[in-house]
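What follows is a set of notes on a single structure, which appears directly below.
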Amino acid sequence: MASTPKANVPKIDVSPLFGDNMEEKMKVARAIDAASRDTGFFYAVNHGVDVKRLSNKTREFHFSITDEEKWDLAIRAYNKEHQDQIRAGYYLSIPEKKAVESFCYLNPNFKPDHPLIQSKTPTHEVNVWPDEKKHPGFREFAEQYYWDVFGLSSALLRGYALALGKEEDFFSRHFKKEDALSSVVLIRYPYLNPYPPAAIKTAEDGTKLSFEWHEDVSLITVLYQSDVANLQVEMPQGYLDIEADDNAYLVNCGSYMAHITNNYYPAPIHRVKWVNEERQSLPFFVNLGFNDTVQPWDPSKEDGKTDQRPISYGDYLQNGLVSLINKNGQT
């Protein structure tokens, strides 16, 4: 059987985005622009984040947490007692039905006295954490990782802004530590023998899937994953495999970027192939603040005019998350 063709996913050295050399930054921006208008994906290399430590700490957490602890941390979709946990917490596997499981946490600055927590603004939650005695150092590591990947994402947003002919802070001015709605999700895809048939979906083309086609609900997504190829991107000739790289971050635009650029930078449609191997998928969904709104424009037109209406990030995120669950089910 012939192997699936590989998608063009370039490796882009993003280190200039942390510096002051505008000529070098523009080289990165041009590479981001080309990737965004091709498959929609690129690998960010020389990103400055210790991904091996991330992988090791995540594996340690996944293999040490008990079923009882998972239940105590479970989001409302699984544990009805946790009415305030819509996004943050543990997403359970379900025997014979669902194999994947994950732990999601939000902005560490969302503490009980945060104004947007106090006002019960939707999509804002206080994180829940496992017992420090049972998982020493995990919370400290996880919160620090949030800010590490936040810093990388800020640099990437500067690159996207330059790629679109805007000022460097065009996106990052809306991406603030005090109120960004970004999330880290530590996803575990386990090896199971036997693997429950009900946990495997089948696409129209016969491909076995773990998660069906979708666009990301984000401005951009910054993903670390194991060295196990699993993602496919839809192109005119069909779905193409994305090669894995466990030293780099896989970056793509979400549907908010597609909306505000009139689809000049589309959100690539992609899916997760079923692979019965132990692996990690650790996305950072780059989300702006609830009240932030980026005015849509069309970069392909000299006057930039578009019929796309402005939408606040909070409204976009609420609607997008609900739509994704309705389409593909609870993750």
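Cβ atoms are placed via backbone N, Cα and C, with glycine included.
The annotation isopenicillin N binding site is assigned in Swiss-Prot to Arg87, Tyr91, Ser183, Tyr189, Ser281 on the grounds of similarity to another entry. In the three-state DSSP scheme, Tyr189 (isopenicillin N binding site) falls into the strand class. All protein chains shown were included, and the count of other CB atoms within 10 Å of the CB of Tyr189 (isopenicillin N binding site) stands at 24.
As annotated by Swiss-Prot, domain 'Fe2OG dioxygenase' applies to 181-288, with the evidence given as sequence analysis.
Here the Cβ of His270 (Fe(2+) binding site) has 23 other Cβ atoms within 10 Å, regardless of which shown protein chain they belong to. Annotated Fe(2+) binding site per Swiss-Prot: His214, Asp216, His270, in sequence order.
According to Swiss-Prot, the feature 2-oxoglutarate binding site maps to Arg279. In sequence order, Tyr189, Gln225, Ser226, Val228, Asn230 are the residues of the chain that are 6 or more apart from Arg279 (2-oxoglutarate binding site) and have a CB within less than 8 Å of its CB. Look at Arg279 (2-oxoglutarate binding site): DSSP puts it in a strand.
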What's the number of neighbouring CB atoms sitting within 10 A of the CB on Tyr91 (isopenicillin N binding site)?
23
Rounded Cα-Cα span from Ser281 (isopenicillin N binding site) to His214 (Fe(2+) binding site), Å:
16
These are the binding-site residues: Arg87, His214. Which one scores highest on other Cβ atoms within 10 Å?
Arg87
What whole-number Å value do you get for the CA-CA distance of Tyr91 (isopenicillin N binding site) and His270 (Fe(2+) binding site)?
22
How many whole Å apart are the CA atoms of Ser281 (isopenicillin N binding site) and His270 (Fe(2+) binding site)?
14
Mean pLDDT over the domain 'Fe2OG dioxygenase' (181-288): what is the value?
98
Quick one: which residues besides His214, Asp216, His270 have a Cβ within 8 Å of the Fe(2+) site's Cβ centroid, in sequence order?
Trp213, Glu215, Thr221, Asn252, Ala267, Pro268, Ile269, Arg271
